[in-house]
């Protein structure tokens, strides 16, 4: 099966994939999705994500502490991340999912920023790119990224900010994750941003099982839906479909060094 697409962000360690891995990967492959990057969200599931990557050839792992799960992260969690990265597992391709999130009544933003800084330091130490979560925090996140100046940079996944914010990330060397949001006609701002950014700055993703596509609301998202995201992306861009597909693959290989 030819790998036409890579889903650069899928939580394959979550239901509905748990216990259905073989069939889920087969469905993805039939849609042309030949490789999938699985970002961890907390130290408790590092072992699960690593085992998935080790046991299933299409899967690659990222390890990180998600800002939206702050109550689950302790200093010990950070030590566990460092220890896991120190072992340099062959199929760990990034630090993530990490970042900043201002959702909720008490986001503990100072602690979030400290945790982000510590994880950016680890990414730099172990020469890995980062997979970034950002909700209502694009400008602040860009400040942190500029200060740390990672040589391998990373991707801002699920981007839904302004063109100016996206261009700032791109100027810093970061990619922009393109997912199901662009399948919603009402998401005109995001669609316009993705249409205008350089093709070399884009990556394909689903964020499955979250972020269902337009027409699939209420259903778990799945990695094979990356093909539908790609189809909509082609409607928004001027380049030929084959050129877009090849660029997305090249961008992913370059950033994550996925073999």
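Cβ from N, Cα, C; glycine included.
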Query raised in the report: So Swiss-Prot lists 9, 11, 207 for divalent metal cation 1; which of 86, 97, 118 goes with them?
Result: 97
Requested in this report: Report the candidate from 148, 157 that shares the divalent metal cation 2 site with 97, 133, as recorded in Swiss-Prot.
Outcome: 157
**Report entry** For the divalent metal cation 1 site built from 9, 11, 97, 207, further residues of that chain with CB within 8 A of the site's CB center
**Finding:** 10, 39, 131, 157, 158, 205, 206, 208, 210
Query raised in the report: Over all shown protein chains, what is the count of other CB atoms within 10 A of the CB belonging to residue 11 (divalent metal cation 1 binding site)?
Result: 21
Query raised in the report: Hey, what's the Cβ neighbour count for residue 97 (divalent metal cation 1 binding site) at 10 Å?
Result: 27
